[in-house]
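Undergrad: Structure in structure tokens, see below.
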Amino acid sequence: MTTTPVEITPRPETGQLVFKPARRGKPPLHLADFDMAGRKEFLRAAGYPAFRASQLSKHYFERFEADPAAMTDLPAGQREELVAKAMPPLLKTVRQLRADEGMTVKSVHRLFDNAMVESVLMRYDKRVTMCISSQAGCGMNCPFCATGQSGLTRNLSAAEIVDQVVQGVRALRDGAVGDPEEAPQRVSNIVFMGMGEALANYKATMGAVHRIIDPSPEGLGISARGLTMSTVGLVPGIRKFTLEKLPITLALSLHAPDDELRDELIPINTRWKVDEALDAARDYYDATGRRVSIEYALIRDINDQGWRADLLGEKLNKRGGGWVHVNPIPLNPTPGSKWTASRPGVEQNFVERLRAHGIPTTVRDTRGSDIDGACGQLATEA
């Protein structure tokens, strides 16, 4: 059997940004690429009755069914071909790693063209959070992030993004996450913090958002308030996202309050500076009423100085109060990285300095770091 060769994405040069990946083939169309009206037209164009769209949507978005034989409301002689047309397989899970006594599961998925993406499912006492990818790789080239250093392979389709969530829901239903004796839970929180800059793949990302939040059978019916959209500071994307006026949390990966350092840590800062990103984030709060999260990976002797905490506090307060929350994140280790997490005492001082400015600050939980499933570690090591 001949295997399609895997295309190796060249490692990006230092500071180089990639907004558009090299042209590749497109994934097969899936009903999750469309809203209900689009699904009806898609099936009609393929020679099937439009009402099949609602039946298929119930199987995918409500029952999370993948077996055509179980779809008994479809004609027996057409089930296989209908499912093949409207619900083609998009993700093949080739590896799973577990941590936190089975409560955290990282899945590595192979796409139709052998591109690889990862998602992470985290089960807590009263919620289930899923971290999903919007791109295979990432073009933002942040030097402390394994995903950024792998380069951008391609954008994901809306359906490839949604299917990560559906596969996570199936895993929960089947008792594959946590204690199988406990009652199954539904995914309640979705964070676009996996591989890729979601706002650089705007159309597919927003299509996925609507499939996630739209009520079933049009979508998964997950509350928009349970979603978080992360960005490194793609200001035009933030501005565009603001106009959607959805009650989704915006998370700005800042990592430095001064342009001199942020130019090195977050290369997109050479295009849109700290103040521009913070202004856009404040405007997002004004438009949506949703408090913005500032993500700040604490890197030993690089960005963890007390004066930087003070500068960050001053810049946030300059834009008013009550609109922002800071999440310091102990830097997660990545292969070949020269940087490490801040010392505990330095981390605590940074937090206390921010709180002294009246900034709500919470050190973020780093689930899955021992399976390379935490922030900045996703790099598809299959």
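Residue 1 is the first one shown; counting continues down the chain.
Placed from the backbone N, Cα and C atoms, the Cβ positions cover glycine too.
The active site, proton acceptor annotation in Swiss-Prot covers Glu118. Annotation comment: Swiss-Prot describes Cys375 as active site, S-methylcysteine intermediate. Taken from Swiss-Prot, the feature [4Fe-4S] cluster binding site applies to Cys138, Cys142, Cys145, supported by sequence analysis. Residues annotated as S-adenosyl-L-methionine binding site in Swiss-Prot: Gly196, Glu197, Ser230, Ser253, Leu254, His255, Asn332. Residues or ranges marked as disulfide bond in Swiss-Prot: Cys131-Cys375. The domain 'Radical SAM core' feature in Swiss-Prot is assigned to 124-370; the stated evidence is sequence analysis.
Provide an account of the burial state, proximal residues and distances for the features listed.
TA: Secondary structure at Glu118 (active site, proton acceptor), as computed by DSSP, is strand. When other Cβ atoms within 10 Å of the Cβ of Glu118 (active site, proton acceptor) are tallied across all protein chains shown, the result is 26.
For Cys138 ([4Fe-4S] cluster binding site), the same-chain residues lying six or more positions away in sequence with a CB closer than 8 A to its CB are Cys145, Thr147, Gly148, Ser150, Gly151, Leu152, Met195, Gly196, Glu197.
DSSP assigns Ser253 (S-adenosyl-L-methionine binding site) to a strand in the three-state reduction.
Neighbour density for Cys131 (disulfide bond): within 10 A of its CB lie 28 other CB atoms from the protein chains shown.
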Undergrad: Roughly how many angstrom lie between the C-alpha atoms of Glu118 (active site, proton acceptor) and Ser253 (S-adenosyl-L-methionine binding site)?
TA: 20
Undergrad: Provide, as an integer number of angstrom, the distance between the C-alpha atoms of Ser230 (S-adenosyl-L-methionine binding site) and Cys131 (disulfide bond).
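TA: Counting only the Cα atoms, the answer is 11 Å.
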Undergrad: Just to verify a number: CA distance, Asn332 (S-adenosyl-L-methionine binding site) to Cys142 ([4Fe-4S] cluster binding site), in angstrom, no decimals.
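TA: Given the Cα positions, Asn332 (S-adenosyl-L-methionine binding site) is 14 Å from Cys142 ([4Fe-4S] cluster binding site).
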Undergrad: Compile a sequence-ordered list of residues in the same chain as Leu254 (S-adenosyl-L-methionine binding site), six or more apart from it, whose Cβ lies below 8 A from its Cβ; state 'none' when nothing qualifies.
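TA: Within the chain, Leu254 (S-adenosyl-L-methionine binding site) has Cβ neighbours under 8 Å at Gly233, Arg262, Ile266, Val274, Ala277, Leu278, Ile294, Glu295, Tyr296, Leu312.
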Undergrad: Between the Cα atoms of His255 (S-adenosyl-L-methionine binding site) and Cys142 ([4Fe-4S] cluster binding site), find the distance and write it as a whole number of Å.
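TA: His255 (S-adenosyl-L-methionine binding site) and Cys142 ([4Fe-4S] cluster binding site) have their Cα atoms 11 Å apart.
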Undergrad: Rank the binding-site residues Cys142, Cys145 by how many other Cβ atoms lie within 10 Å of each Cβ and give me the one with the fewest.
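TA: Among the binding-site residues Cys142, Cys145, the sparsest Cβ neighbourhood within 10 Å belongs to Cys142.
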